[in-house]
């Protein structure tokens with residue numbers, strides 16, 4: 001435990017020194033160097049946007065292709081073709097989530113940022129990629145469900161010919177994403193990480209194996225994988241009520257598989273994510289995932305007509321209509337309370353109080369940040385004073401020795 005703490009302190013010291021070196025380098029840049037680095041960053045960010053756009057378009061096309069060919073008769077397909085068509089969007093999304101972080105990690109090295117900002121920017125890009133892929137899939141499904149050809153939406157308000165039970169279709173897609181993500185994690189751990197450990201251990205004389213090295217356990221990447229799975233669970237729980245149980249079982253399996261991988265195949269990452277940043281950052285990512293999950297759910301409940309062929313909302317035009325219908329069956333006093341809580345007279349003061357509380361915590365966080373900056377400056381001054389005193393003491397001892405000699 002003590003070795004881990006000393007290692008963490010050494011890393012913090014190296015990170016602070018590197019940050020200071022980067023700041024001095026930025027301050028010493030000429031106008032030409034500044035223009036060159038900003039032009040390079042603009043070009044590299046255009047590449048990042050192009051990669052994201054290509055991934056989103058691939059997911060869109062894969063979803064369209066899968067939905068259009070899903071109604072093909074099963075007996076006309078071979079077994080592999082059927083599975084490929086059914087899981088094509090999940091395969092494309094998983095490949096995009098697997099390839100793009102490696103591309104982002106290569107690009108960030110040429111943008112000349114500080115080490116801490118490099119990690120945060122790479123993680124933010126990966127977060128956007130992972131969560132946006134789910135949104136692209138959901139909104140593509142929504143556009144197909146509400147698309148009407150040859151008056152196919154006249155009766156029900158949605159494409160009942162292709163999607164007689166569209167809620168089931170959306171739940172199936174979330175279920176496929178969850179299962180395929182579990183399969184990929186197990187496959188990578190069992191068939192990539194463990195063989196890589198064996199090669200590094202028993203074939204260490206090979207230069208290629210030495211360059212490849214042992215697998216590093218990056219905490220941010222694994223936490224983002226959990227957030228990704230949790231977002232899928234949030235979106236799919238409404239359409240597939242058993243999906244949270246499947247997600248719980250999946251996370252339990254992943255926990256023990258990752259534990260074995262950490263103990264037997266991985267080494268600590270040389271770039272550690274600071275604990276002071278991790279709690280806030282991961283909670284923020286989780287909040288973003290929750291907000292992104294609420295948006296398609298709200299649209300599907302309020303705008304898309306419910307299925308007329310199956311489901312518990314067949315007698316309602318939209319899923320949301322069940323709520324006012326249920327409230328109308330309450331006693332009059334309870335109805336008055338519900339109407340009061342949902343009225344503008346309650347919502348506006350409540351929103352203002354929430355904003356005041358939020359501004360208070362923002363101001364408190366800013367004050368704490370200023371105190372932390374002052375304490376760091378004080379520690380820096382004290383360390384300089386100590387170095388100065390040690391230097392003077394050394395010079396005095398040297399002069400004393402010279403006099404004695």
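Heads up, the Cβ atoms here are built off N, Cα and C, so glycines get one too.
Caution: TrEMBL annotation is automatic and unverified by curators.
Residues 88-89, 91-93, 96, 100, 103-104, 107, 110-111, 125, 128-129, 132-133, 136-137, 140-141, 144 of the same chain lie 6 or more positions beyond the ends of the transmembrane segment (42-63) yet place their CB under 8 Å from a CB of it. Residues annotated as transmembrane segment in TrEMBL: 42-63 (among others).
For 84-110 (among others), the entry in TrEMBL reads transmembrane segment.
Within its own chain, the transmembrane segment (122-142) has Cβ neighbours under 8 Å at 48, 52, 55-56, 59-60, 63-64, 67, 89, 93, 96-97, 100-101, 104-105, 108, 169-170, 173, 177, 220-221, 224, 227-228, 231-232, 235, 281, 285, 288-289, 292, 295-296, 299-300, 304, counting only residues six or more beyond its boundaries. Look at TrEMBL and you will find 122-142 (among others) tagged as transmembrane segment.
Summarising the annotation, TrEMBL assigns domain 'TMC' to 165-276.
For 174-192 (among others), the entry in TrEMBL reads transmembrane segment.
Positions annotated as transmembrane segment by TrEMBL: 234-257 (among others).
TrEMBL lists 278-299 (among others) with the feature transmembrane segment. Among residues of the same chain six or more beyond the transmembrane segment (278-299), those with a C-beta under 8 A of the stretch's C-beta atoms are 120, 123, 127, 131, 134-135, 138-139, 142, 219-220, 223-224, 227-228, 230-231, 234-235, 238.
Sequence-remote contacts of a segment are chain residues at least 6 beyond its ends whose Cβ falls under 8 Å from one of its Cβ atoms, and for the transmembrane segment (346-367) they are 340. The transmembrane segment annotation in TrEMBL covers 346-367 (among others).
Sequence-distant neighbours of the transmembrane segment (234-257) (same chain, 6+ residues past either end, Cβ-Cβ under 8 Å): 134, 138, 167-168, 170-175, 177-179, 181-182, 185-186, 189, 225-226, 289-290, 293, 296-297, 300-301.
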